[in-house]
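> Got a structure for you, written out below as structure tokens; questions coming shortly.
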Amino acid sequence: MGDDALTADSGRDETQSLSPFRYFTAAEWGRLRQDTPLPLSQGELEELKGFGERISLDEVSEIYLPLSRLLNLYVGETQELYRVTSDFLGREQDKVPYIIGVAGSVAVGKSTTARILRTLLARWPNHPKVDLITTDGFLYPNKVLEERGLMQRKGFPESFDIKRLLRFLSDVKAGSRHVEAPVYSHFTYDILPGETIPVDYPDILVVEGLNVLQPWKPADGDEPQPFVSDFFDFSIYLDADEASIRRWYIERFLSLRRTSFKDPAAYFHRYSKLTEEEAVETADAIWTSINLANLRKNILPTRQRADLILRKGDDHRIRDVLLRKL
């Protein structure tokens, strides 16, 4: 090994010693799966992938299988803590779900990550019950957003019914046997009235959303509120360069323009009539005025609050893993 390589390794070791995170390349992280088998087929992966998402079974095996192994260990230790606490108190304690938060920008792949984790965690030998909800369901309905002049701020913190989300998480953490989360439709771009997702006393709940790691500021006159992340036992941030996320967003917009936007009932049907050039300009304008602004102001600043950062390269593949030191 040459002097340059030694210097590079020394610099990396020094940086790691000062950072609150332990750094792994994808290959280093992948070795932590040990002999854990991959309980997922190619067909199942296709069903879990988000629209236009690029992910292979190799990446699932290298990144998500070791992560599911780590989380399974964490969940087991938490359940053991409840057992010994029950022994100490001399009475049975209610099981409390282990909550995992998944945060990151629009178009970075949060939904796919959340679905893969839910599936892998549910297939461990102890067969835990794993539920998944997205915070999109806690957006205010379009009617409310229009009344408040917030339609162009959709996805920003003020567009969410944060009190309802906090009540939901509080009920889950209190061990409520049945809790319901509202449902959001990307097709109609609105909350679906009367539709809910049941959360029935799971072992693990995965919560996916843009701003789930953000400290929420109470409105004037309101009492201080807990943060959404206060209810998390573990949190994950999906990271990538702005230029890459912008390109992925535009690519997804163009794909939707050729598919679901063509349905006359789709909220964004009008975009299906755009030329390719007009569609790129429109997607770029939406990205810059809404999604990039939200990323820079509200989402990216929360990255350091995560327990795990998954950093993607330009090809959408996870290249680096940063795990918070205990």
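Each residue, glycine too, has its Cβ placed from N, Cα and C.
From Swiss-Prot, for reference:
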- Gly104, Ser105, Val106, Ala107, Val108, Gly109, Lys110, Ser111: ATP binding site (BINDING)
> Non-local Cβ contacts of Lys110 (ATP binding site) (under 8 Å, 6 or more apart, same chain)?
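Counting only residues 6 or more apart in sequence, the Cβ neighbours of Lys110 (ATP binding site) under 8 Å are Val102, Ala103, Gly104, Glu208, Gly209, Leu210, Leu238.
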> Could you tally the C-beta atoms, other than its own, that fall within 10 angstroms of the C-beta of Val106 (ATP binding site)?
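The Cβ of Val106 (ATP binding site) has 19 Cβ neighbours within 10 Å.
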> Tell me which of the binding-site residues Ser105, Ser111 sits in the most Cβ-dense spot, judged by other Cβ atoms within 10 Å.
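Buried the deepest by this measure is Ser105.
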> Give the sequence-ordered set of same-chain residues, not counting Gly104, Ser105, Val106, Ala107, Val108, Gly109, Lys110, Ser111, with Cβ within 8 Å of the centre of the Cβ atoms defining the ATP site.
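These residues sit around the ATP site: Leu238, Ile245.
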> Rank the binding-site residues Gly104, Gly109 by the number of other Cβ atoms within 10 Å of each Cβ, and give the residue at the low end.
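Comparing Cβ neighbour counts within 10 Å for the binding-site residues Gly104, Gly109 gives Gly109.
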> Through the lens of DSSP with three states only, how would you label Lys110 (ATP binding site)?
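Helix, per DSSP.
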> Near Val108 (ATP binding site), how many other Cβ atoms are within 10 Å of its Cβ?
24
> Which secondary structure state does DSSP assign to Ser105 (ATP binding site), in the simple three-class scheme?
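Assignment for Ser105 (ATP binding site) reads coil.
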> Hey, what's the Cβ neighbour count for Ala107 (ATP binding site) at 10 Å?
25
